[in-house]
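J.: When I checked TrEMBL for this same protein, it listed these features:
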- 1-339: domain 'Major facilitator superfamily (MFS) profile' (DOMAIN)
- 51-71: transmembrane segment (TRANSMEM)
- 83-104: transmembrane segment (TRANSMEM)
- 145-165: transmembrane segment (TRANSMEM)
- 185-210: transmembrane segment (TRANSMEM)
- 222-241: transmembrane segment (TRANSMEM)
- 247-269: transmembrane segment (TRANSMEM)
- 281-303: transmembrane segment (TRANSMEM)
- 315-334: transmembrane segment (TRANSMEM)
Amino acid sequence: MARLIGIAQVGEFFSESFSGVIFLGRYLQASWFPGFYQLWAAWAPPNERGLLIGFAYAGLHVGSAITMPITGALCQTSLGWSLVFYFYGAISFVYCIIWFMFVYDEPKLHPRISMEEKTYLESTCPVITKNKEGKIPIKSILTSLPVWAFVIVNIGIDWNLYTFLTSVPTYMREVLHFDFQRNALLSSLPYIGMWIGQLIFGWISDILLARRILTLSVVRKLMNSIGMFGPALLMILITLFDCHNKYAVVVLLTFGLFFSSGVFSGGMLSPIEITPKYSGLLFSASNSLGALTGFLSPVVANALTPDKTYEQWRYVFYLGSIIFFIAGLFFLIFSSSNIQSWAIEIIDYDVDNDDHDYHYDHSLSNKTSSHQINKENIEI
């Protein structure tokens with residue numbers, strides 16, 4: 001207990017004396033994103049990717065929902081706000097130990113999975129050889145329309161997520177007139193809706209692929225369109241309701257984030273599919289641009305609502321709807337689920353590749369020969 005108190009005092013000293021420590025913590029957390037995509041490229045077969053990655057992403061949003069009441073309760077203790085940092089820091093430390101024990105870069109390196117699992121993963125996930133020259137094809141990446149389709153979707157979803165995170169609670173307080181406690185509870189409902197949506201849309205996308213109902217490209221565009229055009233319509237509908245229909249607004253906000261979760265089974269999977277070799281690099285660069293909306297969206301919302309009236313807040317939702325629509329339309333036209341030629345030298349699959357739609361033999365009893373493709377796009 002003495003050690004815990006000592007750590008608490010040191011943590012409180014640093015947090016009070018150096019505000020840059022919080023910035024440094026956020027900076028270090030950013031390393032999670034490129035590793036996340038690079039890991040799933042090796043571990044998630046294409047026709048299981050939607051649910052697996054959707055479930056992983058869902059942790060971000062369910063975390064946002066459950067930490068609000070937990071943080072409020074921790075702040076009421078004798079240690080006050082500082083206990084929040086110690087509590088979540090301790091959880092992160094324990095999680096790191098679990099991560100190092102069970103997570104490996106590739107299936108072939110994992111000592112505890114079965115040979116059948118290892119064979120299945122290695123036969124369905126791409127094995128990419130490293131570029132001998134070690135050069136990143138920056139020009140090809142910057143001139144690739146599928147890359148920009150992903151970047152624009154990332155920026156679009158980030159803009160609206162940050163709007164929901166920073167501006168919607170203000171809207172619920174100032175326009176809908178919810179009190180503090182009810183506002184905190186109702187503000188978490190859209191994130192619960194998003195968590196549920198990620199699981200549902202991930203499961204649906206995997207079913208469509210596993211049963212060969214639709215090709216991979218069509219599934220990704222369908223899920224992304226649900227995640228972009230659905231919320232765009234609902235944000236327009238929100239502008240039709242005022243404080244006299246405030247619970248209807250909460251329902252629309254919740255369904256808005258529910259449908260927006262479709263992008264995590266759509267456009268947000270693009271890095272793994274168009275460039276598994278550089279998926280971490282592509283996502284980290286794109287997410288850096290998306291993170292800028294965290295600064296811009298609240299500034300724009302404040303500029304559009306100087307008097308905090310219902311009429312002014314409608315423009316915030318109009319803008320969000322337009323951004324959703326433009327991002328969804330751009331992805332629908334220019335996206336691809338093809339592995340790009342500049343992203344590979346040799347790629348090995350062991351698949352039943354009928355019509356290039358990523359259908360795999362799960363029994364592992366009917367294997368086809370390995371394909372080696374050099375400097376060509378792979379239609380999937």
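For all residues, glycine too, the Cβ spot is worked out from N, Cα and C.
Nobody curates TrEMBL annotations by hand; they come from automatic prediction.
Tell me about the surroundings of these features in the structure.
T.: Panel annotation: around the transmembrane segment (145-165), residues 64, 190, 224, 227-228, 231, 253, 256-257, 260, 263, 266-268, 270-271, 274-275, 282-283, 286-287, 289-291, 293-294, 296-298, 301, 316, 320, 323-324, 326-328, 330-331, 333-336, 338, 340 of the same chain, lying at least six beyond its termini, place a Cβ under 8 Å from a Cβ of the stretch.
Within the same chain, residues 49-50, 53-54, 57-58, 61, 149-150, 153-154, 157, 160-161, 164, 168, 172, 176, 186, 189-198, 201-202, 204-205, 219-228, 230-231, 234-235, 237-238, 241, 324, 331, 335 sit at least 6 positions outside the transmembrane segment (247-269) and bring their C-beta atoms closer than 8 Å to a C-beta of that stretch.
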J.: What parts of the chain pack near the transmembrane segment (185-210), using Cβ distances under 8 Å and only residues at least 6 beyond its ends?
T.: 46-55, 57-58, 61-62, 64-66, 68-69, 164, 168-169, 172, 178, 216, 219-220, 222-223, 226-227, 250, 253-262, 264-266, 357-359
J.: For the domain 'Major facilitator superfamily (MFS) profile' (1-339), report the average pLDDT of the model, please.
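T.: That stretch averages a pLDDT of 81.
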